[in-house]
Amino acid sequence: MTQHWWHVAISWALAAAGFGVMAWMAARRHADAKRRTALLGPRERRQG
Amino acid sequence: MSSTPPAPRPAPRSASLSAASPRAGGGLHRFANPGRFLRMTERVLPWLWAAAGLVLAVGAAWALVFSPPDWQQGETVRIMYVHVPMAWLAMGGYLGLAIASLMSLIWRHPLADLAARELSPVGAMVTALCLATGSLWGRPMWGTWWAWDARMTSVLVLFFLWVGHAALVRAFDEEERGARAAAILALIGAVNLPVIKWSVDWFNTLHQSASVTRVAAPGLHVDILYPLLTCALGFSLAFAALVLARVRAAVMEKRLRQLQLAQARQNDTRRNEVAG
């Protein structure tokens, strides 16, 4: 692999990692808040 | 003298984000109800992610496999399919932040505060990606990772504005004060947007001038322009989905805090009644 292709691969990998990690963090935050909300009462379980 | 305990507050039916005026933000007011916002976005978000994934898959294949190398840049041109959309999203996202900040300051719309709060880390990420990919392109093309050129420096300032906003909005115990201070910072920082856009025309810069948005004549051949626009659309959809997912998580967290507070108040009242 040439140096040019290394730079191309790193650029695309950084973009994929950046979006992937942030999406995973958002999903985890939402799931955690939903789980803790459900613990508070059955009415809250229906929403979210 | 005995003091009567305060009347127990009922748990909020839908734990409204805050008491926004019914006229606040016009039609956007209906999104101030977290239950409605969560229900509506729950239906939209999977489609948004699917569209982003599909368009990005097509865009990546087009950009990395089917589009030809540039006659001058060679294979390095494929970095542009990430770098240019990140630059557009960094600037477009900041414009969105400024609009949300304006809505927050004028109408006190609670969702505008949350949107601004959740937008800034994503904006900082795309601006960092813009700078990093620009640097990765600059090394083989210009022979340097970085130059204190007007365009690059103004984008670096934009990155600091994003990070500053994300830090400032979380720096106060009282959320409203943090949101107001950060909204003012966002509006002042918007002055940087025209500087970024026209820095290549106003100053003698190493960075090339606009090629896609040039009005007079197309600056790019369609073999490069079409995959670039496809990647830009895919990254824009992913950006929108990411911000929406973060706002949904923030709404859930806010509702959880309000419910916990309401439950703590009820427990306090019951304890006072038993004791009194």
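Cβ atoms are placed via backbone N, Cα and C, with glycine included.
Unlike curated entries, TrEMBL annotations are predicted automatically.
Summarising the annotation, TrEMBL assigns compositional bias 'Pro residues' to B:1-11.
Taken from TrEMBL, the feature compositional bias 'Low complexity' covers B:12-23.
Annotation comment: TrEMBL describes B:45-207 as domain 'Cytochrome c assembly protein'. Confidence in the domain 'Cytochrome c assembly protein' (B:45-207), given as mean pLDDT, stands at 93.
Annotation comment: TrEMBL describes B:1-27 as region 'Disordered'.
Long-range contacts of the transmembrane segment (B:44-66) within the same chain, counting only residues at least 6 positions beyond its ends with a Cβ under 8 Å from a Cβ of the stretch, are 78, 81, 226-228, 230-231, 233-235, 237-238, 240-241, 244-245, 248. Positions annotated as transmembrane segment by TrEMBL: B:44-66 (among others).
Residues or ranges marked as transmembrane segment by TrEMBL: B:86-107 (among others).
The annotation transmembrane segment is assigned in TrEMBL to B:119-138 (among others).
Sequence annotations record features per position, and here TrEMBL assigns transmembrane segment to B:150-169 (among others). Using a Cβ-Cβ cut-off under 8 Å and counting only residues 6 or more beyond its ends in the same chain, the transmembrane segment (B:150-169) has close neighbours at 87, 90-91, 94, 97, 116-117, 120-121, 123-124, 127-128, 130-131, 134, 178-179, 181-182, 185-186, 189, 192-193, 195-196, 199-200, 202-203, 205-207.
Taken from TrEMBL, the feature transmembrane segment covers B:181-200 (among others).
Under the heading transmembrane segment, TrEMBL lists B:224-247 (among others).
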